[in-house]
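Annotated features in TrEMBL:
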| type | residues | note |
| --- | --- | --- |
| DOMAIN | 2-128 | domain 'EamA' |
| TRANSMEM | 6-24 | transmembrane segment |
| TRANSMEM | 31-50 | transmembrane segment |
| TRANSMEM | 56-77 | transmembrane segment |
| TRANSMEM | 84-105 | transmembrane segment |
| TRANSMEM | 111-130 | transmembrane segment |
| TRANSMEM | 142-161 | transmembrane segment |
| DOMAIN | 143-275 | domain 'EamA' |
| TRANSMEM | 173-193 | transmembrane segment |
| TRANSMEM | 205-226 | transmembrane segment |
| TRANSMEM | 232-253 | transmembrane segment |
| TRANSMEM | 260-277 | transmembrane segment |
Amino acid sequence: MWLIFAILTAILWGVSIALLKRSYTSLTPIMGVLIGAVCGLVTLLPFGLINQGKLVFWPVIPVATVAAATYVFYYYVLEKDKAALIATVQSTYALFTVILAITFLRESITLPAQIGIALIIAGLLFLSIGNPKKIRNIKPGAWLWWGLLAAVLAGSGDFLAKTMVSGFNSYTYMIAFVVGQVIVALVLLLFDRKHLMPLKANRDTFYLIASELTLFIGYLLFYLAFKDGLASIVTPITGAYGVVTLFLALVWLKEKVTKFQILGAIITISGVILVGSV
């Protein structure tokens, strides 16, 4: 079942990003975090409680809060210059989860799975780059370090989630993650209140809320996948959400897709199939 949960997570996260693009809303990071916290309260929290998850303070809530903060950091990184390049580097986050899982959790993966993971990460890079001609003359700068930091933090967040799910259970971690998300949101309210913006009752707001709901339902399945699946395999598979976003961008959003991105999608799907067949 973990493989099904992981694939469904990738699909939901891909839909979430497409919905966010469709909203055409200038979303500030603080608004995304606040809406996400509310969505967590109506999705992860009830599901965790219904399945007898427990509110465990130490070490689950502190770890979940740190994990939530690592994910939130990505919102703020994308406000930097060269956001597209930062997103490209950040797409390698699964690699850091794999390294941490193998090093500290002693996860052992077969050679075919290793090849599949490599294909997924390579495919995601192709998807993010889009057109290699545009980056040939780009010089490394601050954007590279921001992207690497975002990748390390996101990869670490997944690693931390896996350790807590393994040590306790998925449902207990869901509850803790919601608490962590709320804590992060409250802290940001103290330091980033000037970027609060009113939500209007229109189609853009609907797509925005739908995006966050889809994201958190994806989190729910993600933590269920971690219950039996290896972090070094689950994270790369869920990271394939870029393929879903690419498909929706082409079919629904009517965006232009390059041959390089199509190749990246094929490589990523091949990697997922290879990992899933192990």
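Using N, Cα and C of the backbone, Cβ positions are placed for all residues, glycine too.
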Would you kindly list the residues that approach the transmembrane segment (6-24) from elsewhere in its chain, counting only those six or more residues past its ends and only Cβ-Cβ distances under 8 Å?
203-208, 210-212, 214-215, 217-219, 221-222, 225, 229, 233-234, 237-245, 247-249, 252-253, 272, 276
For the domain 'EamA' (2-128), what does DSSP give as the number of helix, strand and coil residues?
99 helix, 0 strand, 28 coil
For the transmembrane segment (142-161), I need the partner stretch with the highest count of C-beta pairs below 8 angstroms, choosing only from 84-105, 173-193, 260-277.
84-105
If we call contact 3 or more Cβ pairs under 8 Å (sequence gap 6 or more), are the transmembrane segment (111-130) and the transmembrane segment (84-105) touching?
yes
Just to be sure I understand, if DSSP states are collapsed into helix, strand and coil, how many residues of the domain 'EamA' (143-275) fall in each?
112 helix, 0 strand, 21 coil
I need to check the long-range neighbours of the transmembrane segment (173-193): which residues 6 or more away from its ends have a CB within less than 8 Å of a CB in the stretch?
29-30, 33-34, 36-37, 40-41, 44-45, 47-49, 53-56, 60-61, 63-69, 72, 161, 164-165, 219-220, 223
Same-chain residue ranges lying at least 6 outside the transmembrane segment (56-77) that approach it to Cβ under 8 Å:
29, 32-33, 83, 86, 90, 146-147, 149-150, 153-154, 156-158, 160-161, 163-164, 168, 172-173, 176-177, 179-181, 183-184, 188
May I ask for the residues of the chain that lie six or more residues beyond the transmembrane segment (260-277) and have a Cβ under 8 Å from a Cβ within it?
3, 7, 10, 112-113, 115-132, 233, 236-237, 240, 242-243, 246-247
Positions on the same chain near the transmembrane segment (31-50), where near means CB under 8 A and six or more residues out:
72, 75, 171-175, 177-178, 181-182, 184-185, 188-189, 195-197, 199, 208-209, 212-213, 215-217, 219-220
